[in-house]
């Protein structure tokens with residue numbers, strides 16, 4: 001009976017270490033995905049610097065129709081009302 005308890009405890013101990021190893025693998029995968037996400041945001045920011053001149057004209061026209069002034073930042077068109085009543 002003591003042998004069964006010993007082997008059961010040994011199996012539990014080994015499975016605990018095996019699970020601990022899997023957690024580090026999962027953590028590495030999460031870190032890898034997170035770093036890819038950060039790289040994607042950096043790429044998008046770099047593209048916005050190139051794409052903004054094309055979008056700038058559209059933004060100016062769009063805001064001009066609202067009688068406002070437009071500015072493009074990171075593919076985001078912001079309309080600002082000048083002067084005001």
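In case you wondered, yes, glycine gets a Cβ from its N, Cα and C as well.
Noted in Swiss-Prot for the protein shown:
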SIGNAL    1-20  signal peptide
DOMAIN    49-85  domain 'BetaSPN-type CS-alpha/beta'
DISULFID  52-72  disulfide bond
DISULFID  59-77  disulfide bond
DISULFID  63-79  disulfide bond
Return the member of 59, 63, 79 nearest to residue 72 (disulfide bond) in space, with distance defined Cα to Cα and candidates limited to these disulfide-bonded residues. 59
Tell me the Cβ contacts of residue 77 (disulfide bond) under 8 Å, same chain only and six or more apart in sequence, or just say none. 55, 58, 59, 62, 63, 70, 71
Excluding its own, the Cβ atoms lying within 10 Å of the Cβ of residue 79 (disulfide bond) add up to 16
Going by DSSP, give the three-state secondary structure for residue 79 (disulfide bond). strand
Whole-number mean of pLDDT values that fall within the domain 'BetaSPN-type CS-alpha/beta' (49-85): 75
Could you tell me which three-state DSSP class residue 72 (disulfide bond) falls into? strand
Name the residue among the disulfide-bonded residues 59, 63 whose Cβ has the smallest number of other Cβ atoms within 10 Å. 63
